[in-house]
Every structure is written in C-alpha cells, then in structure tokens.
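Peer 1: Got a structure for you, questions after.
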C-alpha cells in the first residue's frame with residue numbers, strides 16, 4: 001500500500017491526524033537518513049519504509065538514539081513501578097488477613113486490571129511510539145487493543161462498583177451491610193469484568209469479519225469500528241464522562257452523609273459526657289445529691305456496717321406496658337433492654353410508671369436505696385432507644401439458663417452471708433436491709449415474690465453505675481470506630497477518583513476537540529495523553545498505601561522481606577491477647 005500524505009492515526013482513535021515520520025530537520029539527522037512523505041513513496045506491506053532507490057528507513061522511527069533511550073527508560077520505569085506496585089497489592093491481600101475485607105476485594109480487582117495494563121499495554125504502546133509503526137502484525141494488534149480496552153474499562157467499572165458500595169454502606173447501613181458479603185462482592189466484580197469483555201473484545205477482534213474486510217492499513221493499529229468521529233465521541237461519553245459524573249455525585253452524597261454522622265456522633269458524645277457528670281442520687285423532697293465518689297466515701301466511713309439499705313437491681317426485657325405487666329414480661333426473652341424507670345413507682349406512685357412508658361430512652365437499671373431518715377433513688381443513665389442498642393445474642397441466650405441459678409445463688413447468699421454473685425442477675429434482685437426491714441416491707445410487696453435477697457454495699461452500687469456508663473461509652477465507641485472506618489474508606493475512594501479524573505481527563509478532552517477539529521492536536525499530545533491514562537494504574541497502589549495504614553505496613557514488610565518477622569510478631573501478639581482475655585474473663589463475669 002502506498003501513501004502520499006503525512007497523516008496517521010492514534011492507537012485508540014483512528015481519525016487523529018498528525019505527522020507519522022519526522023523530517024530530517026526535526027529529528028536532527030543528516031539529510032537522506034529519514035524518509036519524508038513529501039518526497040518518497042512509503043511501502044508498509046512488510047512493515048518497512050523504503051524509498052524508490054531501495055534505501056531503508058531508520059529503524060528508530062525517526063528518533064535519535066538519546067530520544068529512544070529517554071523514552072524507553074522513562075516508560076520502562078513507569079511500567080516497572082506499575083507492575084511492582086500492583087503485585088504488592090495482590091500479595092498483601094494474600095498474606096495479611098486483615099486486608100481480606102469486602103472493600104479490599106474491589107481494590108484487588110482494580111489491582112489486577114492495573115497489573116494487566118502495566119505488563120502488556122504500557123510496553124506495547126512504548127514499542128509503537130519508538131518505532132512509529134506497528135510491526136507485530138494484525139493479530140497482535142487486535143489482541144493488544146482488546147486487552148487494553150477490556151482492562152481499562154474494567155478499571156472504570158470497578159471504580160463504579162466501589163463508589164456504589166461506599167454509598168450504600170453509608171446511606172443504608174442496616175439493610176445493605178447485612179447483604180454485603182464476600183460472595184456478593186465476588187459476583188459484582190465478576191459482572192464488571194464480564195460486561196467490559198462483552199462490550200469491547202468481540203467488536204475489536206471480529207469487526208473485520210462482520211463487515212467483510214479489514215480497513216486498518218498495515219503498519220498501523222487502531223480499532224476499526226472507531227473510524228467515525230461521532231462513534232468516537234459517543235464511546236468517550238459512555239466510557240468516561242458518564243461514569244465520572246456518576247462517581248462524582250455518589251462521592252458528594254457520601255461526603256455529606258459522613259459529615260452528618262460526624263455531627264450526630266459529636267452530639268452523642270456530648271450527651272454521654274453530661275450524663276457522666278450528672279448527680280444521680282436524688283433524695284425525695286430535697287435537693288441533696290451525691291456522686292459515686294461520695295458513695296464510696298460513705299461506704300468506707302461505714303465499714304463496720306455490712307448493709308446500708310435496700311437496693312433493687314434488675315435487667316428486664318422490652319416492655320411498654322404498665323408496671324404490673326412489666327413484671328410478667330420480665331421472664332420472657334427479648335432482643336433489647338426495658339425502660340424500667342418505673343422502679344421509681346416503688347417510692348412515689350404508679351403514675352410515674354405511665355409517664356416513663358412514653359419516654360424516648362430506656363434505662364439499664366434502677367437502684368432504690370433506703371437509708372435511715374432518707375429515701376433515695378439511683379436512676380440509671382439513659383441509653384438510646386432499644387432499636388439502636390445492640391445486645392450480644394449470647395447474653396440474651398443466657399437469660400433462661402441463669403434464671404434458676406440466680407434464684408438459688410441469691411437465696412444461698414442470704415443464708416450464708418455470701419458475697420454478691422459473679423454476674424448480675426437477669427431477674428429482679430431485692431436486697432434486704434439489716435437496719436430497717438420492717439419499714440421497707442411495702443417495697444418488697446411491690447416488687448413481687450419472684451425476687452431474691454442479697455446484700456449490696458454502696459461500692460457495689462457504684463460499680464453498677466459504672467457498668468451503665470461503660471455500656472453507653474462502648475456503644476459510642478463502636479459508633480465512633482465505625483465512623484472512622486467509613487471515613488478511611490471514603491478517603492481511599494476520594495484519592496482513587498481524584499487520580500482517575502486527573503489522569504484520564506486530558507485525553508478525553510482531546511477526543512472531544514478532535515471531533516470538531518481533526519488536525520488541531522499534535523501527535524505528541526496524543527501520545528502523552530494516552531500514556532497519562534496508563535499512569536493511573538501506577539498511581540492507584542500509591543493511593544492505597546497513603547490512605548490505608550495496613551496496606552502501607554504490609555508493603556513495607558514485603559519490600560524489606562520481613563515476612564518471618566511479621567509471623568513471629570503476630571504469634572507474640574496472639575499470645576498476649578490470649579493472656580489478656582483470660583485475665584479479663586473473670587472480671588467480665590462479675
């Protein structure tokens with residue numbers, strides 16, 4: 001085939017016009033070394049350039065030796081960094097179990113796509129740039145384009161999947177996270193790759209058979225069906241602009257929702273701090289109050305007295321019915337705590353129970369103290385509604401098992417003068433006073449016959465109060481940790497999206513410009529823009545390391561060959577955790 005012009009095509013879009021061969025003055029070579037289109041006919045049938053007198057073209061494609069060295073060195077370094085970085089991501093996912101989360105499964109898929117680009121696409125495109133022609137044949141050309149487009153589109157699809165996953169995790173934490181499993185993540189990743197393959201591979205590989213001929217000239221490599229500017233424009237919109245728009249909107253929604261949750265958590269922490277500083281002992285008809293520290297001091301001053309009064313301590317199940325029905329429902333299983341502020345009715349009236357029924361919060365416990373000359377009530381710290389309070393299922397399952405044991409142990413403790421049981425009873429516990437039993441018999445009748453009797457000191461009452469505050473702090477801590485994880489995931493997503501937009505936008509802008517002006521953009525800009533798209537695969541592992549400490553430490557461990565040391569540290573850590581667990585187990589049973 002003979003050409004008499006100086007137009008060529010980009011490997012991505014065939015309608016790009018630019019200089020295929022440099023002139024001698026541009027290349028800095030002596031005249032006659034490089035073939036010029038204006039004076040020579042170029043035969044590309046065998047992949048060689050020849051002039052009428054039989055001289056062959058420069059094998060460097062019109063570049064100087066130093067230009068070739070610079071291009072090969074720069075692109076080779078980028079390809080090597082891309083390969084090493086994404087291999088580190090894959091190996092890190094394999095060796096570190098902490099990285100095997102649903103979020104990181106999507107990053108693993110993205111790393112696989114980037115690795116393909118680093119191994120195949122970057123090197124073949126560098127060869128194309130240096131030689132200024134495609135010398136590997138039509139089959140290799142079609143395979144390169146198919147792999148390149150499938151991997152690039154899979155990267156975009158994976159970014160979309162990550163964005164939707166983050167969005168639903170933030171906006172629908174209860175419904176979506178229950179369905180968010182590794183199996184479902186694998187299905188979504190598989191769909192991303194299948195869709196990318198179906199969209200591009202058959203059309204690139206078999207288009208010449210669909211239309212009956214191959215229109216790509218020898219020595220060139222581009223997608224045959226992208227020969228029209230309108231088709232090129234449409235593919236750019238579908239492959240880049242639409243996904244970027246969707247991802248930007250989703251990330252904005254994620255950012256707003258995260259900010260909203262941050263404010264809610266700050267309010268919850270503030271209310272928890274206020275609850276800790278509140279006075280929780282209120283004498284009837286008096287403004288006197290005392291803190292847990294004061295209770296301890298009183299307990300120390302009365303060390304010669306074993307029993308200070310009457311204390312009611314119980315955990316009950318979910319109930320919004322009057323107090324008479326609450327006692328019946330105390331023996332049923334449930335998944336939440338009860339609003340048992342109605343214990344105040346033991347000292348006041350039944351009307352207070354009805355007022356507490358409609359309250360928005362629920363208490364863990366209520367303690368009623370009867371001291372000589374005083375009538376005091378210890379009200380527990382309020383917790384959020386039971387719909388928002390998560391109680392471990394194993395604790396709920398212990399209710400029926402411990403019910404009989406609690407009764408027997410409580411009765412034995414009274415007879416033998418034993419200490420408080422190791423675990424708080426799930427039943428109402430009524431504590432008899434050694435000071436004034438007769439005066440408090442009316443309270444006993446209001447609690448019911450199912451209660452047991454045990455001595456309880458002020459110190460134990462203080463521990464009960466601390467238990468309630470600790471429970472609240474644990475809830476806040478879990479919410480805070482969850483929010484921190486969501487923020488880290490959002491930061492990783494933002495870094496990946498930002499890198500994607502920065503590296504892909506220049507090339508796709510040139511695509512739009514080329515639709516209206518096919519000779520306005522030099523070939524050098526096209527090559528730089530296309531290579532910039534590849535650099536996105538180089539930057540992604542850096543984003544993982546910068547935004548995720550676990551990735552960063554695992555990368556460091558692998559690069560420094562500290563795998564054995566890591567295993568030893570892990571074993572030592574597990575041993576320490578085991579010791580800590582065995583030490584805390586008896587304390588948690590109290």
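Glycine is treated like the rest: Cβ placed from N, Cα and C.
Quick caveat, the model's predicted, so the values are computed rather than measured.
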Peer 1: Here are some residues: 41, 379, 536. Which is flagged as N-linked glycosylation site in Swiss-Prot?
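Peer 2: Record annotation (Swiss-Prot, N-linked glycosylation site): 41.
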Peer 1: Taking the topology from Swiss-Prot, would residue 172 and residue 561 be on the same side of the membrane?
Peer 2: yes
Peer 1: Pick from 207-229, 230-252: which range has transmembrane segment per Swiss-Prot?
Peer 2: 230-252
Peer 1: Return the count of C-beta atoms lying within 10 angstroms of the C-beta of residue 141 (disulfide bond), excluding that atom itself.
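Peer 2: Excluding its own Cβ, residue 141 (disulfide bond) sees 22 Cβ atoms within 10 Å.
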Peer 1: Any idea what DSSP makes of residue 221 (disulfide bond), helix, strand or coil?
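Peer 2: It is coil.
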Peer 1: For a three-state summary based on DSSP, what are the helix, strand and coil counts in the topological domain 'Extracellular' (131-142)?
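Peer 2: Split by secondary structure, the topological domain 'Extracellular' (131-142) comes out as 6 helix, 0 strand, 6 coil.
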Peer 1: Taking the disulfide-bonded residues one at a time (221, 517), which has its Cβ surrounded by the most other Cβ atoms within 10 Å?
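Peer 2: Result for the most crowded candidate: 221.
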Peer 1: If one looks at the chain holding residue 520 (disulfide bond), which residues at least 6 apart in sequence have a CB under 8 angstroms from its CB?
Peer 2: 513, 514
Peer 1: Measuring Cα to Cα, how far is residue 517 (disulfide bond) from residue 141 (disulfide bond) in Å?
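Peer 2: A Cα-Cα distance of 27 Å.
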